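Read through the structure below, which is laid out as structure tokens, and then see the notes.
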Amino acid sequence: MTSGQMRRSASKGCDESQHAVADALWESRHLVVSEVLAENGSDVSLSLLACCISVFSIIKEDKQWIKLFVCLGLTNKSLDDQRTEPEIPGLKLANPAVLPAPQKADANLGEYPELSPQPPKPPHVRRGPSNLQNKPPWRDVRLKTRHDTSKVVEEPVQADKEEKTEKSLHNSPAEVLSKVLFPFAVPITERQVAVIEAFRHAWKGYKDFAWGHDELKPLSKSYSEWFGLGLTLIDALDTMWILGLKEEFEEARKWVANDLVFDKNVDVNLFESTIRILGGLLSTYHLSGDSLFLEKAKDIGNRLMPAFKTPSKIPYSDVNIGRGTAHPPRWTSDSTVAEVTSIQLEFRELSRLTGDEKFQKAVDEVMKHVHTLSGKNDGLVPMFINTNSGQFTHLGVYTLGARADSYYEYLLKQWIQGGKKENELLEDYMRAIEGVKKHLLQRSQPKKLTFVGELAHGHFSAKMDHLVCFLPGTLALGAHNGLTADHMKLAEALIETCYQMYAQVETGLSPEIVHFNLHAQKGHKDVEIKPADRHNLLRPETVESLFYMYRFTGDKKYQDWGWEILQNFNKYTRVPTGGYTSINNVQNPSNPEPRDKMESFFLGETLKYMFLLFSDDIDLINLDKYVFNTEAHPLPIWVPA
């Protein structure tokens, strides 16, 4: 009997459930098998599965071999007669940068000697090794988990169903199967698998109806163009790497290699193209080590440089990347403060990688100039700055929402990126947070939620953009890096507020803007929503902050809140034929009024932060080695040569 006949003969003896396992293994052999095992009530014989190791190279290429070994290896009784809820084996995904530990800041902090940063506080578990080799996510990498593997973890499967217990699988049959058939894999949680499924569903819509274009219109099964540069694809590259989606990543890489061309007559927004395209390419280069992405990053970086050719060195908002010209918007000579001060992480990193100082010099000049400007209010900055005069305009209006938000984020993150040495950045950040406390913090009624409002010419407004929900994560990141402990206390209060912006809404999804009640009124919630503000764009900021809060505290309520949000995205924004859509009305569960648009940041940020939130692997984008740009693209923290 030939080997082929033996395999086919053995597979004929499989029962229905064993065929299901084998088929699942073949179709999803780089993802999950233990889930199928659990569903079919099957376990694994150690002695029979052991022989799989020697023929793994055959098994992975031949479905009949899989059938044979599954049929031989499956029994109907557990080896230890103890049923467990299996974790689902997956792929080790991202790789910490090969970088030594960052150095402490200089002792001299100018006006803030009392703010001398302490060494990063140790997390509530033992950290992994300081350096790990940078490898592709589908290769052998050791897993560092936050909790002891014997600890029982509460894991609700649906937001509206009671929780079930997810137990350790030490020597369980499902774990043995995953180790034998997938010897390079590490376990991921069921919630992470749900994120992978959501990403694949979104990616299916993009691939089927919008491939190579900027954004998917999932309802009309078409696409929209902004710059004509494949924004969704580039934004999603490092997400696919982190999620371990090898086939999708390789297909996207081919598009970048063959079809991504920047030599075209098109105007692009400096800020958006920097954080999405330049940031995405740099991040993917660092995670994958593939020089293709660095070459593309250098190309777009050079093409964006004409934006800085202004009288004040404050860059124009728009650049024609084919003609090499730049200009402000048609209606004003102003740029927004957030946009000109939130491109620094990317251009600084491009200089570090290429050795060309022009990129960093251009963006550093912007920060030094803003540092000296008048018109601030206890560290809070106006929303606009003039490209001719270099002065703030529209004075007297202060917000942490649109047009100013990421200025504050990048003050801290540049300081971290540069090894905590640039003390002007730290001074401006600390002064700004004190300004927030003094002028913008209030508490709502009836739940007394702490929120960040706005100030317009001395008048306080209880308006808070969803965008402001970046702040709890940023505060927590600063506290982790040795800043004052009351920043973490404020972060804990604000993330509760951001969660309530979801929980107090009929669909469980936050609107773009809320107004808080400052006075108790019978029958009124803390959150009020105006008709013009009740849309949801699949934004990431709350999930982003939940990730930071869980990573630094280990409090599982943050994972549970994120799980609720994911379930509601699936319930109200998922399009059956592929993709997710923003919606117009978060207050109407029966008709949320889909807008027919999937923003690129849903794949680039929202689902990425979801996946990281549900992970207990502290080396899955280690926050002592990487800093995220404002589009969730991780860049390495620098250290002295």
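Our numbering is plain: 1 for the first residue shown, then up by one each step along the chain.
Note: Cβ is positioned from N, Cα and C throughout, glycine not excepted.
Nobody curates TrEMBL annotations by hand; they come from automatic prediction.
Under the heading compositional bias 'Basic and acidic residues', TrEMBL lists 137-169.
Proximity of Glu272 (active site, proton donor) to non-local residues of its own chain (separation of 6 or more, Cβ distance below 8 Å) is seen for Trp226, Phe227, given in sequence order. Among the features that TrEMBL reports, active site, proton donor is placed at Glu272 (among others).
According to TrEMBL, the feature active site maps to Asp405 (among others). For Asp405 (active site), applying a Cβ distance below 8 Å and a minimum sequence separation of six or more within one chain yields Ala338, Thr399, Asp465, Leu467, Val468, Phe470.
Here TrEMBL flags Cys469-Cys498 as disulfide bond.
Within 10 Å of the C-beta atom of Glu512 (active site, proton donor) sit 19 other C-beta atoms, taking all shown protein chains into account. Annotated active site, proton donor per TrEMBL: Glu512 (among others), in sequence order.
Among the features that TrEMBL reports, active site is placed at Glu541 (among others). Other C-beta atoms found within 10 angstroms of the C-beta of Glu541 (active site) number 24, with every protein chain shown included.
All protein chains shown were included, and the count of other CB atoms within 10 Å of the CB of Thr630 (Ca(2+) binding site) stands at 25. Positions annotated as Ca(2+) binding site by TrEMBL: Thr630.
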> Can you name the recorded positions among Cys469, Cys498, Glu512 whose CA is within 10 A of the CA of Glu541 (active site)?
Replying inline: Cys469, Cys498
>> Roughly how many Å lie between the Cα atoms of Cys498 (disulfide bond) and Glu512 (active site, proton donor), rounded to a whole value?
In response: 12
> What same-chain residues, at least 6 away in sequence, bring their CB to under 8 Å of the CB of Cys469 (disulfide bond)?
Replying inline: Leu494, Ile495, Cys498, Met501, Ser510, Glu541, Thr542, Glu544, Ser545
>> I'm trying to understand the geometry here, so how far is the Cα atom of Glu512 (active site, proton donor) from the Cα atom of Thr630 (Ca(2+) binding site), in Å to the nearest whole number?
In response: 18
> Including all protein chains shown, what's the count of other C-beta atoms within 10 A of the C-beta of Cys498 (disulfide bond)?
Replying inline: 28
